Every structure is written in structure tokens, then in C-alpha cells.
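Before I ask anything, here is the structure I am working with.
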Amino acid sequence: MSKNIRINEIPSGERPREKLLFYGAQFLSNEELLAIILRTGNKDSNVVELSYRIIHSVGGLNGLFKASAKELMEVKGVKEAKATQILAMCELYKRFKVSELTQVKISKPSDVAKLVLDELRMLRQEVLILINLDTKNKVISKKEIFKGGLNSSLVHPREIFREAVKDSAASIIICHNHPSGDPTPSRDDINITTRLKECGKMMGIELLDHLIIGDNRFISLKEKDIL
């Protein structure tokens, strides 16, 4: 097969688009759903086979939503056009999730963990997330503030509270991950928390909690009486 294979050229029993219309999207595999987005395969693979290769090359759905264009194009059969299709799909999903945030009210650390655990637990580098809250503890926004090795000399309260003021936050929560999988707070974690707590008092924007995310688990510094 020297030409790109389109969905309507795949045997009827294997056509993801037709299966979706007949059975519903919930009955399709991840690979079949991605195949509908990509539309075509290549000379070596039909579109479902290509979708399987992509998803499994980047580490499943979690990896797919974190993959860069460069990482996607390292998969055999994926060039710029297909990489941008995937990135656009992932960005739409992320924006949808952000729009849902305004419906979330925070009453306990596990509420916060639900917002960030899946996003942070598998990352290979440290990332700090800021969650801005209104006077009723409803989420206003969730923003990535720092990426890379975090320590108390690099994390400046100015960057965090600038975003809090911009969103008219009444209070904030910060979250970051430990790539090691162990969420035990380090000395730097405690120092950062103390600095942010003091700055928050001066600015009238309370730091409610600092969550550290590990491998499918988390620690709340508020629950540990560190905050």
C-alpha cells in the first residue's frame, strides 16, 4: 500500500468513525478515538495501527496529553501535520478542564488533590501550581508558575502573589510534585511555605495549604501542622 489509508478504506468492521456513529463513542478504544482525529495512516500502517503506536510510544493517555511536538514526531509515521492535530485536541481538552474549575469549591486537601494529582504525579521534573480562590473558596484559576528544580532561593513570592492579585484572589493554595514519588516535604519545601505564609499575611491573601504530590499520593502541609 503506497498511498495514505483513509478510514473509509479500512474494512467496514474496523472503521472507527462508523463504529462511533453506530455504537457511541464510549464503546471505542483510545486508539480508535485517536484514529478518528488523525483520519489517515501511512504506507506502513493503517490509521488505527498508527494511533496504537503513538499512544503506546508516549506512555498512554497520560503521556499523550503531556507530549511535545518533538516527542510526537519521534514516533514512526508522525509528521508535523499529525503532531499538530494531536496537540490541538489536547489543548481543547485542557481548556475544557479549566472551564470546569470555576464550579469547584475547596473544603479539604483531597479536593485540591483531585485537581492536580493526575497532572503532576508522573512528571519528570518539579512543577509548582498556583490555585487562586475567591472568598467562598471557589477556584478562580489554576496556573503553572515554576518548572524545574524548585528551591527556596528560586521560588520568589512576588511571582506567585502577582498572579493572585491579577485574579483578585482572596486566598491561594500551592501544589508541587516530587518526581521521586515520595511526597515527604524537604527543608526547602518548608522554607518556601513559611515565606509565602508571611507574605500572604502582609498582602491580605492567605496561603491556605501547600500540597506535595508523589506517586499517586500527596501530603498536605496544613494537615501536618507545618502551615
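From the backbone N, Cα and C atoms, a Cβ is placed for every residue, glycine too.
According to Swiss-Prot, the feature domain 'MPN' maps to 105-227. Positions annotated as motif 'JAMM motif' by Swiss-Prot: 176-189. The Zn(2+) binding site annotation in Swiss-Prot covers H176, H178, D189, and the record cites sequence analysis as its basis.
Are these features on the surface or tucked inside, and what are their neighbours?
The list of residues near the motif 'JAMM motif' (176-189) in space but at least 6 beyond its ends in sequence, with Cβ under 8 angstroms from a Cβ of it, reads 120-121, 123-129, 146, 150-152, 210-215, 217-219, 221, 224, 226.
Of all Cβ atoms in the protein chains displayed, 22 besides its own lie within 10 Å of the Cβ of D189 (Zn(2+) binding site).
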Between 0 and 100, where does the mean pLDDT of the domain 'MPN' (105-227) sit?
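Across the domain 'MPN' (105-227), the average pLDDT comes out at 91.
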Including all protein chains shown, what's the count of other C-beta atoms within 10 A of the C-beta of H178 (Zn(2+) binding site)?
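There are 22 of them.
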